[in-house]
Amino acid sequence: MFRKTLTLALLLGTAAAMAQEPAAPPPQSTPQAAAPAQAQLPADDQAGGLIVDVEGGTSQPTPIAIPVMPTPAVVQTPAGATDTLGRQLSDIVANDLRNSGLFTPLSPGQLRAVGFPEVTAPAFDYWRGTAAQALVQGYVRANGDGTLTVGCYLYDVSAQRELVRQGFVVPPADWRRAGHKCADTVYSRLTGEKPYFDSRVVYVSETGPKGKRIKRLAIMDQDGANHRFLTNGQSIVLTPRFAPNQQSIVYMSYENDRPSIYVYDLGSGRPRRVVQNANLTFAPRFSPDGRWILFSMAVGGNTDIYRVSSQGGTPQRLTNSPGIDTGGSYSPDGSRIVFESDRSGGQQIYTMNADGSNQQRISFGGGRYATPVWSPRGDLIAFTKLAGNFRIGVMSPSGGGEKLLTDSWSDEGPSWSPNGRVITFYRSGRGASGAAQLWMVDLTGVNERRIPTPLGGSDPAWGPLRP
Amino acid sequence: MTKLKTAILIGTATLALAGCAKKRPAVLPPAPTETPSTAGQTGPGGPIGSGVAPGSDADFQRSVTSNTIHFGLDQYDIDPQARAILDSQAEWLQRNPNVRITIEGHCDERGTREYNLALGDRRANAAKNYLAAKGVSPSRMTTISYGSERPIALGSDEAAYAQNRRAVTIVLG
């Protein structure tokens, strides 16, 4: 059964056929079908038709129509009635695409009610009368085995043709993920970029006065839904980051007044201390293969970068400078590490080989540079620039092409979306009442928006795309 | 020793307040929490009849110039003012040889989180190393860095930042 895995189904029949044949055979679930990212898009050529520009930042967002998804039969499910789900799913798709900054969903008043047979036979005459260049239609169906099937179809309005179709079979608890997968399908087909909406963020929830702030680990979907606290706030917790397999989170905790790095197992809910010694350990991050944890350890006032097996064991030292070396992050292939060091007198960004050799400074733009993170695409390093304001920026791994994306009093702690197109970070306010909040910004720097959280938030870390 | 020093400091403060002193001390000592006559009754094991347990953190706090030293922006060196404070701490610690302490390192909020953890560790260790050089056994001292997680002044201005860049000595137990 598909209790935990979101299953991709290739939609083979037409909606008309399905309408005549409500008991249509369940969608295929082949081995590839369990891994949507590897599945071939069944629609026609990738080259032709509508293309959305992701580089410019000055071009207008593409108008897109996302009408309510109909259901062949209204059925009550643990996630709600299928007709209600159809409305909510189209909202999820619209919100994701709007939040990307690349699309403007038509307002509800500009949409038409779409019947089930119309899902695969769009009323192009109507849609050509709107501003929409693209059209997303879909449906929700409750299956006999308790799962839901969400169909997702993308059309080019002016060419009047289908661009891609996909179906997702989900347990009711994962219904929102089907919406994110549909939005990912649309986004990828129209931009040529890899998807990122079906992903989660782990962060530190903050409440209380600045002098004794209560901090708790929390996890949520990237749009803020399905929010859940992981720790109770008795100990200060900082800098959580996902394991590549998303089954655990590495973070730093002040448990027992011994600030050190822990791995939190999402399945059991139990934390495990990683390095068993009396030294301060912090700034942890997994290697891309999950076998190692890169971290910083302070010994007698001197901080260097180490790595340790993610199972624990004896740390291996990678840097050996009298300054503060911290904030290590692996390149996506695991062969290089980017980190910050104040060995030159102030914080600057350096790269080195994974074994610690070949350390080279790459930031020379004036001011201090901190918190470097290697993009999952490998092409950029995100950082915090400290020069008056704290700002989020990016540069190439060799140090060129610096571009600052935000400008606020205190933006800090970038973390990449799974596709390397968007960065989440936290923004702090001034003074005793100054709270921290989570934000995201895309690589154009134009599309900046806050991520809703129940309380304040800091140290966001974006997880990988979910399988 | 402490008795003599306290008396001198109070005398200096009185002179300064009276406007008769040519040379003011760089920083006035904190106002005494007890009257001079009570503070004068310090016996070998600590103050007598004050309700403060000898060797306790309360005893430490009222006996030393301050439990807190401060640092410059992005600095961790022990300046002359901090030296005088740590000297008074070392003195008390030598008179209370069974007491263990922890030294907290703190930073202002105008630094990135992970760097501040390392900088707080540097500051706590700078204080520890100074006390060790004054004869306090390192085995009696632990350090903990709070980075910028526990500011004492909550404003976002240089006056608040200066207060928050600190190392605080706390008597354990």
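Cβ coordinates come from backbone N, Cα and C, glycine included.
Residue ranges A:19-41, A:88-110, A:387-409 are listed, and TrEMBL annotates A:19-41 among them as region 'Disordered'. Listed as Cβ neighbours of the compositional bias 'Polar residues' (A:310-323) (distance under 8 Å, sequence separation of 6 or more from its ends, same chain) are residues 243, 250, 263, 272, 274-276, 286-287, 290-295, 297, 302-304, 337, 339, 341-344, 352, 355-356, 359. In the region 'Disordered' (A:310-331), the DSSP tally of helix, strand and coil residues is 0 helix, 8 strand, 14 coil.
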